[in-house]
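First the structure, in the form of structure tokens, and then the observations on it.
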Amino acid sequence: MTTIHTLGYPRIGAQRELKFALESFWKGASTEADLRDTGRALRERHWNAQRDAGLDFVTVGDFAWYDQVLQTAALLGALPTRYGFDPAQLTLAQSFVLARGNADHAAMEMTKWFDTNYHYLVPELTPDLRFGPGTGWLFDEVREAQAAGHRVKVALLGPVTFLHLAKARGGLADKLSLLPQLLPAYAAVLKRLAAEGVEWVQIDEPALVLDLPQAWSDAYGPAYATLAAAGGPRLLLATYFEAASHHAALIRSLPVAGVHLDLVRAPQQLEAFAPWPADKVLSAGVVDGRNIWRTDLEQALARVAPLAQTLGERLWLAPSCSLLHVPVDLAAETRLDDELKGWLAFARQKLDELAVLKRAVIDGRDAAHAALAGSAAAIASRAASRRVHNDSVKKRAAAIRAQDAERAAPYPVRAAAQQARLNLPLLPTTTIGSFPQTAEIRQARAQYKRGELQALTYLERMRAEIADVVQRQEALGLDMLVHGEAERNDMVEYFGELLWGYAFTANGWVQSYGSRCVKPPVIYGDVYRPEPMTVEWSRYAQSLTAKPMKGMLTGPVTMLQWSFVRDDQPREQTALQIALALRDEVRDLEAAGIAAIQIDEPAFREGLPLRAGDVAVYLEWAARVFRVSASGVRNDTQIHTHMCYSEFNDILPAIASMDADVITIETSRSNMELLDAFGEFAYPNEIGPGVYDIHSPRVPRVEEMEALLDKAAQVVPVQRLWVNPDCGLKTRGWPEVEAALRGMVEATRRLRARHAGAVHAGTPATRAEHAESALA
């Protein structure tokens, strides 16, 4: 009989119960007992949902108070030694110190989980780290599920992936050298799970989809031989997010009882495993765990029916990956219309899709006729819908020419035209875009959205805020101003609500990290701009000052990356449609007299594919759609972009090919070390390295910012340097913002005084230098 299961389930709750319980506990408004009660209730509800849908196991081990990688580290005793915590006695409060930091300890580093929008806490490996024993939370949850009558399958992050995701610290030369010490801790966990009556452990090794160095792939055989000898439950090796076919021979050889493959992202990979090993279960990931569209059940059944005939009971069906990455339950959704809702499936609905496939496989198509027909009708409705397909948008995208993705002149020519228009001083000062959003601003936006505030009153309040922001910037002495973005709740949602082809849920929340949840927009159809989105705000702001005002837009790749994207056309095509909508906005801003336009791309690097062989294609189209959005303007209109990453080296050629006149980047926390890559690459255009960290309420001393600017001037010619904070200032308070910016302007004045003979890029004295630099 075919088995159905899920690799994981969202932990936050359909109404974000975990988020609110965590934040209440952190504020001291509730007790640890209250928090634990919420966790217990959520686990019970989620296990019951799996049972009620007909899954053969409930998955235990996917719940975490903050992050599953942190919880794995705690289980294995692999906590950073700098905290001095005893893993076996770890309290919830201590676990939150690891995750969030406190006055005595910086938090653990956090980074993206593969190519998703979830963030995990990075384990720290030091020479003095000793593994196991750790917390007993996992075993408590196993007993909790068993006591409720559930058949348990445990999900556990595998040892090689755990080490691969970690960072070496404290002089540790080789993370992999710790594997022999780590394996006994895993073996002990597996033995204890067997003693608790657990039959199967899903051991996640998503690192197997990556291009691993030989030493890392070679580590799998001995590691799993050790685990197989531990006398634990049967192991289901889980891979996801990409094909593992390049490691097919290795995976076939491992002493595990089953393997999970992502057949949504990489359906073709099954061929590399043919014939399927006779000693292994195949867990076929045929329901998309990362997107919200209904599964084409007819198509999925056509894929799994032959597998069922060949494998019989050795065929399991599952989502492609954990359902952590999709909202909990479509039944809780109130904002979407019935047609659009009918095209979607959240986590709870995806469990039902698995049950339909199981019924059709075991009892035949007729037994699942109604559900299959409903799926087919939804797929057909979406394919034929006029709200999805817009011929004029498709024709415009198809007509894009190479010259539409190129500025009219090279950077040195543009720099001269822009400087003639803008007359900027050496080391121009600016900010990244947003300014503090007070409770009054947020309240006005919310009242306007609910219809409680008339349009004219709302306009007056926003204009008053813009006028205040402009006046404050002028008083501080900034050189290029922004309007402050008071009208925007979110840099993607604001634009999505003004574009056709986008929809927004009321309750489509997913976990980003800890208690932070995001509600990604839904791109369901061809994207176009019915009318200008930002022009009137920027035009009004520019009317208040003689200084140049930057228009502020979110770039096409970021609009794509931070959304649930339609799956019926290539992502590149959707990105191009967004770029064309932004191109129209850019041209309208220019026509309104806006001389500088910033197109933010904080998610440009996040879109990188997991496999090295796919990276060049992505970078080519990602840079091209940016240029499409930016290239319809005159030479004297200055295009800015902003990015914030911890690593630039591998994408610098692509960033250069975006051909923005000015790029601002986040560098203060790295003490300007990130800027070194731009210097070594000889980045040809202008750069604004962030001189202070906006994520901290601390106001840096003038001397600190001056020292950072000095370091920057040693890497990038001072004529091409801008001065700015790391990121937008939306989440900060006005007193700290004004103090920090005042210090930033003073640090800039001091540096200008030491470079009195220099002038900003594009002025006649420096044109030759820039032409030479651009050709270097």
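Cβ atoms here come from the backbone N, Cα and C positions, even for glycine.
Quantities reported herein were computed from a predicted structural model and do not represent experimental measurements.
Here the Cβ of Glu606 (5-methyltetrahydropteroyltri-L-glutamate binding site) has 17 other Cβ atoms within 10 Å, regardless of which shown protein chain they belong to. Summarising the annotation, Swiss-Prot assigns 5-methyltetrahydropteroyltri-L-glutamate binding site to Arg16, Glu17, Leu18, Lys19, Lys112, Arg516, Cys517, Trp562, Glu606.
In sequence order, Val482, Gly484, Glu485, Arg488, Gly728, Leu729, Lys730 are the residues of the chain that are 6 or more apart from Ser434 (L-methionine binding site) and have a CB within less than 8 Å of its CB. Per Swiss-Prot, the feature L-methionine binding site maps to Ile432, Gly433, Ser434, Glu485, Asp600; the stated evidence is sequence analysis.
Annotated L-homocysteine binding site per Swiss-Prot: Ile432, Gly433, Ser434, Glu485, Asp600, in sequence order, evidence recorded as sequence analysis. In the three-state DSSP assignment, the secondary structure recorded for Gly433 (L-methionine binding site) is coil.
Sequence annotations record features per position, and here Swiss-Prot assigns Zn(2+) binding site to His642, Cys644, Glu666, Cys727. In three-state terms derived from DSSP, Cys644 (Zn(2+) binding site) belongs to neither a helical nor a strand segment and is classed as coil. Cys644 (Zn(2+) binding site) counts 21 other C-beta atoms within 10 Å of its own C-beta, drawing on all protein chains shown.
Taking all protein chains in view, 14 other C-beta atoms sit within 10 angstroms of the C-beta of His695 (active site, proton donor). The active site, proton donor feature in Swiss-Prot is assigned to His695.
The region 'Disordered' feature in Swiss-Prot is assigned to 755-776.
For 767-776, the entry in Swiss-Prot reads compositional bias 'Basic and acidic residues'.
The recorded positions recorded for this entry are Gly433, Cys644, Glu666, His695, Cys727, and the Cα of His695 lies nearest to that of Leu18 (5-methyltetrahydropteroyltri-L-glutamate binding site). Put simply, of the recorded positions Gly433, Asp600, Cys644, His695, Cys727, the one whose Cα is nearest the Cα of Arg16 (5-methyltetrahydropteroyltri-L-glutamate binding site) is His695.
In three-state terms derived from DSSP, Glu606 (5-methyltetrahydropteroyltri-L-glutamate binding site) belongs to a helical segment. In the three-state DSSP reading, Leu18 (5-methyltetrahydropteroyltri-L-glutamate binding site) counts as helix.
The Cβ neighbour count for Arg16 (5-methyltetrahydropteroyltri-L-glutamate binding site), using a 10 Å radius and every protein chain shown, is 18. DSSP gives His695 (active site, proton donor) a coil state; it is part of no helix or strand.
Residues Ile432, Gly433, Ser434, Glu485, Asp600 are the ones the record ties to L-methionine, and the longest Cα gap between any two of them is 13 Å. It is 8 Å from the Cα atom of Gly433 (L-methionine binding site) to that of Cys727 (Zn(2+) binding site). Candidate recorded positions: Lys112, Cys517, Asp600, Glu606, His695. Nearest to Cys727 (Zn(2+) binding site) by Cα distance: His695. Of all the recorded positions listed here (Ile432, Asp600, Cys644, Glu666, His695), Cys644 has the Cα closest to the Cα of Glu606 (5-methyltetrahydropteroyltri-L-glutamate binding site).
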